[in-house]
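Scroll down for the structure; my scribbles are underneath it.
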Amino acid sequence: LPSPIPQSLTQPVTPDLLVSPSSQDGDLGSECPEDRGNWTGRLDFLLSCIGYCVGLGNVWRFPYRAYTNGGGAFLVPYFIMLAICGIPIFFMELSLGQFSSLGPLAVWKISPLFKGVGMGTILIVSLVAIYYNMIIAYVLFYLFASLTSDLPWQHCGNWWNTDLCLDHHIIKAGNSTLPINISNTVSPSEEYWSRYVLHIQGSSGIGDPGRIRWNLCLCLLLSWTIVYLCILKGVKSSGKVVYFTATFPYLILVMLLIRGVTLEGAWKGIQFYLTPQFDHLLSSKVWIEAALQIFYSLGVGFGGLLTFASYNTFHQNIYRDTFIVTLGNAITSILAGFAIFSVLGYMSQELGVPVNQVAKAGPGLAFVVYPQAMTMLPLSPFWSFLFFFMLLTLGLDSQFAFMETIVTAVTDEFPYYLRPKKASFSAVICIALFLMGLILTTEGGMYWLVLLDDYSAGFGLMVVVITTCLVVTRVYGMKRFCQDIHMMLGFKPGPYFRACWMVLSPATMMALLVYNIVKYQPSEYGSYRFPTWAEVLGILMGVLSCLMIPMGMVVAVLQEEGTLWERVQQASRPAMDWGPSLEENRTGMYVVSLAGSQSPKPLMVHMRKYGGITSYENTAIQVDREMEEEEDEEESMI
């Protein structure tokens, strides 16, 4: 219910809809953002963004994508796509979050008709958070397994090994005149991963999950506990943890890089990674792969960037931060490629096979190939521990962002109920997602993880980002969005950003979406093909996040009055209290006029309709005139 209107404003009567719940006791809502919290240090936001963007994908996806798509030549489409898709969308998300100080649900006060986009985002992030923490659990498992003098995946002869297991030490010691055929053999690290860690032989497929692996279950519980303790006090606690989790991976990466390039045969791997094959640039697949890498690596559309920016001060220079984070992320990916491929080059020399036979992407690289390479080094447990500790810190700060996004989105919707109980609410979310993730700890859990990975953030995420881009530029209006940024940063975005937001970014993402649908391939894990019902379930996961958009539209239209078209028009306009959250930041068309931080333009409309206080009408007309004069001056200059 709306709060009571102060006595001084009761003559004449003010319509109820002008008073928001945030205006209790006639205070202009300025207490709300303070309760919400802000970053406590200058680098909290920047390091949180770097930690969020630089994740597992930089280590296990980028290097493999680069070498399969033209080696060094892949960097050409990669940086072009970064300029067209990555940087503009990144800046747009940060701008929306910082301007409104709202999470990914409440930010849709910008156009309530499209609130379903925010709901779709939360659904996607929740699904990703479930399986992403399972990957962190695998990393923890390997981290503990590395605390030995002899790595458990170093030799065959353990109870989980089969007759196909072949130790690389035997290959090396073998007589060169009698070459060993390794095509039908399996490395000890591969059997350790599939038969001991996953115990996948206990499951016949996705429909037969088998028993829970209690050691994995405990690792998952530990990873959720770590995540909860780090987000316990919101950005105040996670903002401090990232000083370690965002910077330490770089130290380890440099150590692994130095160790890698000093190995015999390292140059072979680096050559394989970087040799440019420019003929690949004529293939559309390479450009699509580059765009996909940028899209997922920067984490646009997941709401994490918007959430982090919403805790900034109003005039934080996010323009500078955008370039620092996006270019830093790209450089990290390239560096990781050197660290990975130098070791793969050494490994291929040791095994006497070409680099392309040992190179893999995804979990196969992190849990099979790289651990196997570690066993070939002196002090192998030390290097193995370092590698998995790096993966742990890379994964954790991305997980913090996912959890902060979910918690912030819901608490911003119900601030008076949930904000005082944020720690308890965070615990409830963590427990719920842990219980949902228990199926991933079963013997057939890997099948479920692959299904979630393939479908949860696929075309649904692209639809969310395309819609956001179109709503901000077409419905809300490019001119108004640029004015908002001008209010925050003191300058308007240049022609490059405007061209990307209006045409280039949406068009590129549309092409990505069409390509993904046309080139759709059913999921598989090794030689296992998923049954039809599992495919349908996966597609439904993606479709459900898209369906949130029309569902949100229906709800928004039903809450308005008038004919259908009038309702749609009203619902697509910004809400009455849209704008900067603090009174002192509301300038121009957002000048505070009444309790609830209402802007003069909608105020004038309601005054004429209902009567009431009209002393602000002159202010509104003056502000409008000044803004129109400014626009005319700028247009004449152009």
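Numbers run from 1 along the shown chain.
Glycine too: its Cβ is placed from the backbone N, Cα and C atoms.
Please treat TrEMBL annotations as automatic predictions, because they have not gone through curation.
Disulfide connectivity taken from TrEMBL links C156 to one of C165, C217, namely C165. Note: the stretches the transmembrane segment (323-347) and the transmembrane segment (290-311) are in contact (3+ CB pairs below 8 A, sequence gap of 6 or more). In terms of C-beta pairs under 8 Å, the stretch of 241-258, 290-311, 382-402 lying closest in packing to the transmembrane segment (455-476) is 290-311. Listed stretches 117-144, 241-258, 382-402, 496-518 were compared with the transmembrane segment (45-63); the greatest number of C-beta pairs under 8 angstroms is found for 382-402. Using a Cβ-Cβ cut-off under 8 Å and counting only residues 6 or more beyond its ends in the same chain, the transmembrane segment (382-402) has close neighbours at 48, 51-52, 54-56, 58-59, 125, 128-129, 132-133, 135-136, 139-140, 142-143, 146-147, 151, 223, 226-227, 230-231, 238, 241-242, 244-246, 248-249, 252-253, 255-256, 259, 299, 302, 304, 307-308, 366, 370-371, 374. A sphere of 10 angstroms centred on the C-beta of C156 (disulfide bond) encloses 21 other C-beta atoms.
Taking a C-beta cut-off of under 8 angstroms and a sequence separation of 6 or more, C165 (disulfide bond) has the following same-chain neighbours: C156, G157, T185, V186, S187, P188, E191.
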